[in-house]
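Peer 1: The following feature annotations were taken from Swiss-Prot:
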type	residues	note
BINDING	Gly307, Ala308, Ser309, Thr310, Gly311, Ser312, Gly313, Gly314, Glu315, Ile316, Arg317, Asp318, Ala678	ATP binding site
BINDING	Glu718, Asn722, Asp886	Mg(2+) binding site
DOMAIN	1044-1297	domain 'Glutamine amidotransferase type-1'
ACT_SITE	Cys1137	active site, nucleophile
ACT_SITE	His1262	active site
ACT_SITE	Glu1264	active site
Amino acid sequence: MRILRGSPALSEFRVNKLLELCREQDLPVTGIYAEFMHFADLTSELDAEALEKLEKLLTYGPTIEEHEPQGLLLLVTPRPGTISPWSSKATDIAQNCGLNAVKRLERGTAYYVESSSELSSVQIDIVKSIIHDRMMEAVFGDLEAAAALFSVAQPAPMTQVDILSGGRLALEEANVSLGLALAEDEIDYLVENFTKLGRNPNDIELMMFAQANSEHCRHKIFNADWTIDGVEQPKSLFKMIKNTFETTPDHVLSAYKDNAAVMTGSKVGRFFPDPETRQYNYHHEDAHILMKVETHNHPTAISPWPGASTGSGGEIRDEGATGIGGKPKAGLVGFTTSNLRIPGFEQPWETDFGKPGRIVNALDIMLEGPLGGAAFNNEFGRPNLLGYFRTYEEKVTSHAGEEVRGYHKPIMIAGGMGNIRDEHVQKKEIPVGASLIVLGGPAMNIGLGGGAASSMASGQSAEDLDFASVQRENPEMERRCQEVIDRCWQLGDNNPIAFIHDVGAGGISNALPELVNDGERGGKFQLRDVPNDEPGMSPLEIWCNESQERYVLAVAPENMAAFDAICKRERAPYAVVGVATEERHLTLEDAHFDNTPIDMPMDILLGKPPKMHREATTLKVDSPAMTRDGIELNEAVDRVLRLPTVAEKTFLITIGDRTVTGLVARDQMVGPWQVPVANCAVTAASYDTYHGEAMSMGERTPVALLDFGASARLAVGESLTNIAATDIGDIKRIKLSANWMSPAGHPGEDAGLYEAVKAVGEELCPALGLTIPVGKDSMSMKTKWNENGEEKEVTSPLSLIITAFARVEDVRKTITPQLRTDKGETSLVLVDLGNGKNRLGATALAQVYKQLGDKPADVDNAEQLKGFFDAMQALVRQDKLLAYHDKGDGGLLVTLAEMAFAGHCGVNANIAALGDDVLAALFNEELGAVVQVKNDELDSVLSTLAANGLEACSHVIGAIDASDNFVIRSGDAVILERSRTDLRVIWAETTHKMQALRDNPACADQEFEAKKDNSDPGLNVSLSFDVNEDIAAPYIAKGAKPKMAILREQGVNSHVEMAAAFDRAGFEATDIHMSDILTGQAVLDEYHGLVACGGFSYGDVLGAGEGWAKSVLFNAQAREQFQAFFNRENTFSLGVCNGCQMLSNLKELIPGADLWPRFVRNESERFEARFSLVEVQKSDSVFFDGMAGSRMPIAVSHGEGRVEVRDAQHLAAIEASGTVAVRFVDNLGNPTQQYPNNPNGSPNAITGLTTKDGRVTIMMPHPERVFRTVANSWAPEGWGENGAWMRMFQNARKNLG
């Protein structure tokens, strides 16, 4: 092992945060210095040249002042026996740079801790707990101890459970020691079947059976027979869900049988490269819509970042593994936790009810979990466009009397939608003799028993088993696998995939048997052919671990050569681990021990283990009505706006890329002030169409504490009111995912679950014409622990999360909550689907006063709800609505406030028509919406509402103005008069506190201050050219198409939209992978232009873009090609985002680029996804010809975009050279250092540069993602199909003549 010192690991504010944590623990720590340490496991010693190359590779990141280390050394590394995602990617880079002697690289952080007095062992343990995550990391006292990272253990043998002589008792003991979570009747089933086989089961067979038959995988409760209050029920829960499909099968192509459901989409031109020529073009075909929503609650409670990250990753794999290959497109993520209790910002309704030591508190879940979910989506290259966040934790009187209800076991929901070809929707038959393949990363000893562990209430499994069930994420590997799947489905009828499943709970022990069973085959497998990075694992560990980023496939022998070539090009590892057999039998051979760990008929594993029967009793709630004593209106408003469920969610949104693909038509951020209040997410189906897809969410979980059925109905209803202002048409076009979370077995909850499923499956959905073709359940939503001898528990309410998916006719027609002050005289109309009942039970108002109340909102009339949807569809289609916002958490007060925030305007509302009870009128959470309409169209709108049965519940409640006043009257009496800006700031406090805790607090403070500025004009546009003129048209008309190399490296994810932009400008865009260049399959001298695209090459390890650049610099053949291209005078090049970082590291090869800076970690130390205003500078860049002085917004999505110069002279030289091409400006048009207008903190607001001759341009923002007007989060009226940034690409075409 060779040890190589790295750069300092912590910025000043990160050090200060650690010191603050030490002070809070009364530790005498006076200083902390940290630097990265690299450990290289070598097959042979490196010569001087190789060592120098390795040292250069390991020099990366921002320049931070180095210190000579002093103090106590604590070395934090990944846990020995695990391989970090950093290690896999850094090792890839080293090997792609020709360092073949590097077997593996790993990284640790050496902390040097100084203290005013010597630390005791107890104090050292506290410091260790502050600097490392015990779930994923270890701490050593010296550098050499890191050798443990590379120690290779001998393979461990399997063990047998002796039931032949030990009987049932032997299996009962194994059930506990292995954490199998087998039910009593399953133990009987296994004893009986292995006795019949005449042999003892191996541990691996038992674990495999436990995973395949866990509640998590088999959904036993949803398939059970039920007796409620002594009466046998006619249907299982699942049958009631399936009833929605039986009643409304319209538009559903696949339901209940695959990894995701599929519904009919639109016929569009799907844009992708031709499999033979690799030239991008449009393929006119059906782009059907696939949809899936998963939960990952247990892992997120244990270790939030990897828990949420692998939750998103697993759901993405479900979409890719649908049919015989799908394409994930847009994501969502949601969280429900107990109260945050932010230090120094504790709220009056937040009581500390305690928690067990093995799970993380709600605050840490929300500081870490969302980052994990966002990071996976970002790195994979999927925009995250939707979500929700709710907190609930209270002692209430519910069905089981007085008890603490809350979410110590959180809900972490990950979902999304994608597209799939018509001919790929159904899986094929697996041919006998087919190769059975594992595609993706290697097996590692992680995530063991995750399926069974998540099926238990938190606290029932031993802590080290919880520890074992945590997973690791490597999204860049998953991206490579998805690229393989993409290449396969793009072959159309020649797709080599016959069958595909993702690897999830239970690992390949679940996935491979499921694969062959669903394909009506058996399988013969070789254990030692499974790719394995930890040779010391036992057969059980190799077979059952839940290493992520893996898929299992069946490929016919004659298609293996094509499949192999695709995998090699994409650098996606795979292995043939078995062969499909005619006989339905499962065999697993172990060549190392020369034995057969598994040898069983498929029907024992996946046959009919005993069906569950559940008996339940209905319990009634006796909760007192809400008391109003001491509730003062102004204080109530402030409390509700601070409740995390209602409060601004920016801290959850700007961490997630919302523009990748260039197909996003509606993200969370609305209008010129980019306020996060969108009702739903909308994507375009392709670049040549306005057809698209929409998704929205609905959940009202606290209501279940009063009325199970009402909670379920409201979830469905809210998903509809959220999506109603998009252009969908027939309500039957909407399909729902239902995710059910329940503390099964808790008094009253089983009967309540049955009531809720019946309410939507048998009643509401059939009445509305809605189908639920997909969903998931998590039946162990309870946390138990012992605190000082006292048994404690926190039980979640029954929680139904509904996600609605729909095909959209015209994405341009989507209406947002932004109130419009530029449309003349307008009115606000409330449609109240509660019909004046104004029920306050389980509302935000009740919660912030520590109450529950008695009667909650409900859907009393399905026909009226459908009438509401139909009315909104008619008004959307006729362009009659200026703004639309549904009424939900916080009631009408919050709906109006959020609309005012988005419109930056005043509101004058009168609620006299809503009854005398002001609190009930303002804070009830009955379904409904507020719309803004022009006064000259008001009668027409009201008549449309009346025609749909809504006349009695539609009320004109006010108007808007350009002021800062938020005024609510009842008749002539003013009941609330506030400054909109003040309310906006209160609404923002929660997000500010969370950002300040998690990110650079100086940046968080600047963003918070900016929200106090009422004079902010918002985003605006000033162009030096006509956006609707196509200056490339004359050149395109000539028919010549210059060749454009669309360059990508493993992990790059923005290449398709880049190709689409150049294609539109008249180029022949060709897909080129770096592996094509390194293997000589592609030669750059055939091309006129080259673009290095954005994404996460090598997952940004070794510096963003640096690993990619070094794989060029350290490879003689690649270096020569790039240098020759840059020196050819009739070429041009562009680098965007990751490509910008990469080209800046190649500046030694690029003429006139010698002054270019480096791009390093953002000042906020956070991935920043913003829609930022920039100004094009006067420069010689061929891309910006005629654009100087233009000011327009652009997509920003990066974690390492801050310009780093050597010193002030370097910066002055850059400015003097005239090579600055783009700068960030504030909304007044001035270059700015203020965050978030300058999202990365670059000096002089520089974010784009060019060479002295203008042929090579680099920029951090993404013009290719907003080349269409519809892809801009906000655009001024008057722009046609092309957005302003299309001019860049047209300039490139004009430049070549």
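From the backbone N, Cα and C atoms, a Cβ is placed for every residue, glycine too.
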Peer 1: What's the CA to CA span in angstrom from Asp886 (Mg(2+) binding site) over to Gly311 (ATP binding site)?
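Peer 2: Answer for this pair: 29 Å between alpha carbons.
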Peer 1: Would you mind pulling the DSSP three-state label for Glu1264 (active site)?
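Peer 2: Note: Glu1264 (active site) is helical by DSSP.
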Peer 1: Just the number: how many Å between the Cα atoms of Ser309 (ATP binding site) and His1262 (active site)?
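Peer 2: Answer for this pair: 25 Å between alpha carbons.
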Peer 1: Taking the Cα atoms as reference points, how far is His1262 (active site) from Cys1137 (active site, nucleophile) in Å?
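Peer 2: Just about 7 Å between their Cα atoms.
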Peer 1: Calculate the distance in Å between the alpha carbons (Cα) of Arg317 (ATP binding site) and Cys1137 (active site, nucleophile), and round it to a whole number.
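Peer 2: Spelling it out, the Cα of Arg317 (ATP binding site) and the Cα of Cys1137 (active site, nucleophile) are 26 Å apart.
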Peer 1: Looking at the binding-site residues Gly307, Gly311, Gly313, Ala678, whose Cα is closest in space to that of Glu1264 (active site)?
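Peer 2: Nearest in space to Glu1264 (active site), counting only the binding-site residues, is Ala678.
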Peer 1: Name, in the order they occur in the sequence, the residues of the same chain whose CB lies under 8 A from the CB of Glu315 (ATP binding site) and which sit 6 or more residues away.
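Peer 2: Counting only residues 6 or more apart in sequence, the Cβ neighbours of Glu315 (ATP binding site) under 8 Å are Lys292, Val293, Glu294, Gly331, Ala414, Gly415, Gly416.
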Peer 1: Determine, to the nearest whole angstrom, how far the Cα atom of Glu718 (Mg(2+) binding site) is from the Cα atom of Gly311 (ATP binding site).
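Peer 2: Cα-Cα distance, Glu718 (Mg(2+) binding site) to Gly311 (ATP binding site): 24 Å.
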Peer 1: Whose Cβ lies within 8 Å of the mean position of the Cβ atoms of Glu718, Asn722, Asp886, the Mg(2+) site, other than those residues?
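Peer 2: The surrounding set, listed in chain order, is Asn679, Ser696, Met697, Gly698, Gly717, Ser719, Leu720, Thr721, Ile723, Ala724, Lys887, Gly888, Leu927, Ala929.
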Peer 1: Of all the recorded positions here, Glu718, Glu1264, which one's CB has the most other CB atoms within 10 A?
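Peer 2: Ranked by Cβ atoms within 10 Å, first place goes to Glu1264.
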Peer 1: Under a three-state reduction of DSSP output, how is Ala678 (ATP binding site) classified: helix, strand, or coil?
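Peer 2: Once the DSSP labels are grouped into three classes, Ala678 (ATP binding site) ends up as coil.
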Peer 1: Compare all C-alpha positions of Gly307, Ala308, Ser309, Thr310, Gly311, Ser312, Gly313, Gly314, Glu315, Ile316, Arg317, Asp318, Ala678, the record's ATP binders, and send over the largest distance in angstrom.
Peer 2: 27
Peer 1: By a simple count of other Cβ atoms within 10 Å, which of Arg317, His1262, the recorded positions in the record, is least packed?
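Peer 2: Minimum Cβ neighbour count within 10 Å, taken over the recorded positions Arg317, His1262, occurs at His1262.
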Peer 1: Judged by the number of other CB atoms within 10 angstroms, which among Ser309, Asn722 is the least packed of the binding-site residues?
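Peer 2: Sparsest of the binding-site residues Ser309, Asn722 by Cβ contacts within 10 Å: Asn722.
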Peer 1: Which three-state DSSP class does Asn722 (Mg(2+) binding site) fall into?
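Peer 2: Reduced to three states, the DSSP call for Asn722 (Mg(2+) binding site) is helix.
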Peer 1: Please identify, among the binding-site residues Gly307, Gly311, Gly313, Ala678, Asn722, the one with the smallest Cα-Cα distance to the residue listed as 'active site, nucleophile'.
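Peer 2: That would be Gly313, nearest by Cα distance.
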